[in-house]
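Encoded as C-alpha cells, the structure appears first; notes follow it.
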Amino acid sequence: MAISSNGYQTGFGNEFATEAIAGTLPVGRNSPQRVAHGLYAEQLTGTAFTAPRHANRRSWLYRIRPSAVHGEFKSFEQPRFHNDFGTGPVTPEQLRWNPLPAPSAPTDLIDGLFTMAGNGGSAAQAGVGIHLYAANRDMQGRWFYDADGELLIVPQHGRLHIETEMGVLDVEPQEIALIPRGVRFSVSLPDGEARGYMCENFGAMLKLPDLGVIGSNGLASPRDFQIPNAAYEDVEGDFELVAKFQGHLWRAYIGHSPLDVVGWHGNYAPCKYDLRRFNAIGSISHDHPDPSIFLVLHSPSDSEGVSNMDFVIFPPRVLAMQDTFRPPWFHRNIASEFMGLVHGAYDAKAEGFVPGGCSLHNSMTGHGPDAATFEKASSADLSQPDYISDTMAFMFETRAVIRPTAQAIAASHRQREYQACWAGLVKHFRAPA
Ligand SMILES: O=C(O)Cc1cc(O)ccc1O
Ligand SMILES: [Fe+2]
C-alpha cells in the first residue's frame, strides 16, 4: 500500500477542486442522487455551518465508502501521547530540552509521539498540545485522525510522506504540514527515521495574519501554500483506525483503507508550506522589532489581536540596525513561548539550544540572550550588517500559560542546568561619582 503524490494546487484557504478520475466531481450540485463511478458523497466541515463566509471552511469528498464504515471504537493507550497538562502548580522556571532520543524498538509516528506541554483542551476548543516525535518505522495498516485539533507538523530531521484522505503531502525539514481536524492520514518515513515537532491546535483554525501597514505582500505568501491533488487507493484488509477524541486515543477495526477519496472540492484541506519562502520584514534603522513581525500563521482567540496560538519563525535574514543590540533583547512577556530549532543555530543562544531541542519560557518569566551572546553583540562592529544564515528556529506562542507535562519535567533529555546560561551576566553598573 502506497499512494504517491499526484501534485499540488496552490493558495491558502482557496476553493479547490480536484479529481483523480475525470468526471468524479458533480457539476452544479454537491450531493446528486447518484455520484459518478458509484462513489459516496460526504461533507466534512471544519467551521460551524453558519460561520461567516470569509471564515467558513468545508469540503465535499467523493469516496469509495463513507467514513462511518468501520468497527467499534475501543480505548487505546499510547501513554506518552496525551493532553494531561495537569491542574496543579506549574513552575515559572526557564526550561530547555535536548532532542527526543531516537527510539530503540520499531516505532511509527503515532507510537513515537511524546507530549511536552500544553494548555486548554478540546472540550474548551482553546489552547494547544505540544508534542515531539521520534520514529523509525512507517505507519503500517494504520490511519490516524485527530478530532481534538488541527495538526501543525514541523519536521526537523527526516522527510515525511503523509498520505491523507485528500491527497499526499511530501514534507522535508524546513517545510511544515497542516492537517485539519478530522482528516485521516498515515505517515511513512522515506529516510527510515524522523524527528520533529507537532502542535495540536484546539482553537480556531490557523490563518494568515493581516498585513496592516506592511502592505499587500510580505511574510508568508498565500500562493506558496501547497494543497494536494486527490489521490486514492482501493485496498481491503485487516487494518486499524486510530482516533484522538477528547484527549484520549481510540482504536477501531477497519476493513479497508480510508484513503479512498477519488475527488474532492472545497476549502477545508491539508497543506504544506516551505518556511524558506517566508519574506522576512525587519528594522532597517534602529532597534530589534517584536517577534510578531515573523508571524507565519495564527489561531485567533475571541479577543481581537490576542492569539490562541501564534506560529512564528526566525529565518535567515540580514540585520543592519544601527546603535542597536541586534539579537533578541532581555524580556518578559504576557504570552508564553515554546521554541524549537529546525536547523542551524539561533541568534539569541550561542550554545545549548540545538536542532531538535526545545525551550519553554512562560508568562512573565525573564529570558533573552545568553551571556556569551550578550558579550559578543554588545561590542560587535555595527558598520557591517550581520548575515544571519543557516538558521530556522520557530515559536509556538500562546496567550495561556504552557504547562509542561510531568514526563517532560522528568525527562532525561531535559537540560537541568539551563539557567546557568545567564549566570555569566555580571554587573557592569557603576554609579557616576
Ligand atoms: O525568546 C525568544 O528568543 C523569542 C523572541 C525573539 C525575539 O526576537 C524577541 C522576543 C522573543 O520572545
Ligand atoms: Fe522570548
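Including glycine, each Cβ sits where the backbone N, Cα and C put it.
Feature annotations, reproduced from TrEMBL:
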DOMAIN    8-275  domain 'Homogentisate 1,2-dioxygenase N-terminal'
DOMAIN    276-429  domain 'Homogentisate 1,2-dioxygenase C-terminal'
ACT_SITE  His288  active site, proton acceptor
BINDING   His331, Glu337  Fe cation binding site
BINDING   Tyr346, His367  homogentisate binding site
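Here the features listed in TrEMBL are placed on the structure.
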residue : record                       : Cβ contacts under 8 Å, 6 or more apart
His288  : active site, proton acceptor : Met321, Thr324, Phe325, Arg326, Pro327, Pro328, Trp329
His331  : Fe cation binding site       : Gly366, His367, Gly368
Glu337  : Fe cation binding site       : Ser359, Leu360, His361, Asn362, Met395, Phe396, Glu397, Ile402
Tyr346  : homogentisate binding site   : Phe314, Met339, Phe353, Thr391, Ala393
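Within 10 Å of the C-beta atom of His367 (homogentisate binding site) sit 22 other C-beta atoms, taking all shown protein chains into account. For ligand 2, the nearby recorded positions are Glu337; that is, of His288, Glu337, Tyr346, these have a C-beta under 6 Å from one of its atoms.
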